[in-house]
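Below you'll find the structure, written out as structure tokens, and then a few comments.
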Amino acid sequence: MASRAIFLVLLVAAAASASASAQLDEKFYSQTCPSVEAVVRREMVRALSAAPSLAGPLLRMHFHDCFVRGCDGSVLLDTQGNNTAEKDATPNQTLRGFGFVERVKAAVEKACPGTVSCADVLALMARDAVWLSKGPFWAVPLGRRDGRVSIANETNQLPPPTANFTVLTQLFAAKNLDLKDLVVLSAGHTIGTSHCFSFSDRLYNFTGMDNVHDVDPTLEVQYMARLRSKCPSLDDNTTVVEMDPGSFRTFDLGYFKHVAKRRGLFHSDGALLTNSFTRAYVQRHAAGFQEEFFADFAASMVKMGNVDVLTGAQGEIRKKCSVVN
């Protein structure tokens, strides 16, 4: 009886999640705010023309939003009182672009007051960040509502750059994302940069010995030497390096080419070579098939964008993304 009860609870939860996702619609604002995508794109074009390196962080912000409490804009909320918000948790302290999200939201509010959620604005910004970096374009299902809760401790649901394959698959499966989503979405690392401290243990402290010989043996030797020249110690908290060297501002197949050569920056990148399915995907797209990858990335982004969304009367439509109404 107990197992049957648990099964029924999971079934109801799955049905509720599917129902919420079904309420998202690419034309959700066609009557209430038909200009929303044009407004967001106008602001994105302006921003990325001035600061093209902002594309990667905006895509990453959407990932981090969806993996904690679903795609509800909770990553955008400021810490209030005794409650530390997600954005101030360790995994999110290197996120940037919050001020720009507010600027885009203000432009949307001017066009359509109290209509479009911050969660939807961020989803559109992430899509445009990819497209304006010469990546794929996809229709974004809309209609998300904004959450009212943001808790720093819940960021333990985020896949860390230090994760092995087992941990990665568990964290993705918890969001109903499969192995293909894992390898496809990991390729978001084709744009953007990372701080040295996110991977420097691979260069100096792989097994905890904390010396120059304690390196990750799976990392290609010349690439490791190049990384060491940029990140001279474990104590470097400021230097940033390109995640996809040579084309970190262009959304392309460069990520797969690097990972296939054991030049993936993070533990999590290298972990893709430890599973037959993800390794085969990496190797196939290291050799080409960009249109196929673009289609896969678009599909996985839509799937991730449906994770645990609030719809209907749930949540709210924030006026400012950093504070609840």
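Glycine residues also receive a Cβ, built from the backbone N, Cα and C atoms like all the rest.
Note that TrEMBL annotation is computational and uncurated.
Just so it is clear, the model here is predicted, and its values are computed rather than measured.
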#### Entry: Candidate cysteine (Cys33, Cys196, Cys231) that TrEMBL pairs with Cys112 in a disulfide
Cys33
### Query
How many Å lie between the Cα of Cys196 (disulfide bond) and the Cα of Arg60 (site 'Transition state stabilizer')?
17
### Query
Near Cys112 (disulfide bond), which residues of its own chain have a C-beta under 8 A away, given they sit six or more steps off in sequence?
Tyr29, Thr32, Cys33, Ser35, Val36
## Note on the structure
Students should find that the Cβ of Cys33 (disulfide bond) has, within 10 Å, a number of other Cβ atoms equal to 19
### Message
Just to confirm: which same-chain residues, 6+ apart in sequence, have a Cβ under 8 Å from the Cβ of Cys231 (disulfide bond)?
### Response
Cys196, Phe199, Ser200, Leu203, Thr239, Val241
